[in-house]
Amino acid sequence: MSGERPARAQAPVIVLVGPMGVGKTTVGELLAERLGTGFRDSDADIVAAQGREIADIFVDNGEAHFRSLEREAVRLALAEHRGVLALGGGAVLDSGTRELLAGLPVVFLSMEVAEAARRVGLNTARPLLAVNPRQEWKRLMEARRHHYTEVARVVVTTDGRTPGEVADAVLDALELKHLPEAGPAADDAGAPGTHAKENPA
Ligand SMILES: Nc1ncnc2c1ncn2[C@@H]1O[C@H](COP(=O)(O)OP(=O)(O)O)[C@@H](O)[C@H]1O
Ligand SMILES: O=C(O)C1=C[C@@H](OP(=O)(O)O)[C@@H](O)[C@H](O)C1
Ligand SMILES: [Mg+2]
């Protein structure tokens, strides 16, 4: 487990990674509510810092520039933020960003392409899915899966689960429910789609 590394004294309580549309932002907000903590999203931080939408940054400056802005946004958030942090789906492509995540409670939210098409298929706010979203989503997922697995401490599947059910599964997977800040435990019957990785980095 990535817990072999000493935990950082100060770091977000949960970091969410995974493909576009899996629910990092939605579930991250819910988790922050349940833990009574703050929420940050690297995409929102980039938009606020740049004063431009993500799609415009891609068009005007290209993906490589976006990845460097994203690395800086993640570095800042990890330094400043103690709550829940959601990353953009491609943040793990950058080796510097992956290094920043080492030893942190990173959760890989996963889903199948059919579910992805339902969630983001028609949404053009994601520039990488502007053309043939279903095929592109699948291609990106296959190219990135090993990075998500590398940085994550646990994997939580989201197919067929509501955002609230996914949030419960994340708390279960990280064994966070028992924390006083977590509030009353939910009355679910476990998290069958949750598993610790066998060979985390
Ligand atoms: N578990 C879920 N079930 C159904 N729809 C979901 C779920 N999680 C998120 N969504 C929807 O999918 C879309 C993408 O969610 P979002 O949180 O923006 O994903 P991400 O940040 O991973 O790209 C939103 O419309 C959101 O309401
Ligand atoms: O997967 C990607 O490369 C991207 C994912 C997006 O974030 P979400 O995963 O929150 O949609 C956003 O950072 C940008 O459009 C690029
Ligand atoms: Mg998001």
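Numbering starts at 1 and runs along the chain as it is shown here.
Every residue, even glycine, has its Cβ placed from backbone N, Cα and C.
Computed from a predicted structure; not experimentally measured.
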Which residue range, 122-141, 162-181, 182-201, is the one TrEMBL calls region 'Disordered'?
182-201
Of the candidates Arg67, Arg82, Arg98, Arg161, which one does TrEMBL list alongside Gly21, Val22, Gly23, Lys24, Thr25, Thr26, Arg126 as binding ATP?
Arg161
Of the candidates Gly83, Gly89, which does TrEMBL annotate as part of the substrate site that also includes Asp43, Arg67, Arg144?
Gly89
Under 8 Å between C-beta atoms and at least six apart in sequence, can you list the same-chain neighbours of Thr25 (ATP binding site), or say none if there are none?
Asp41, Asp43, Ala86
Take the Cβ of Gly21 (ATP binding site) and count every other Cβ within 10 Å, whichever protein chain it belongs to.
23
Surrounding CB atoms that lie within 10 Å of the CB of Val22 (ATP binding site), all protein chains:
27
From the Cα of Arg67 (substrate binding site) across to the Cα of Gly23 (ATP binding site), what is the distance in angstrom?
20
Length of the line joining the Cα atoms of Val22 (ATP binding site) and Gly89 (substrate binding site), in Å:
9
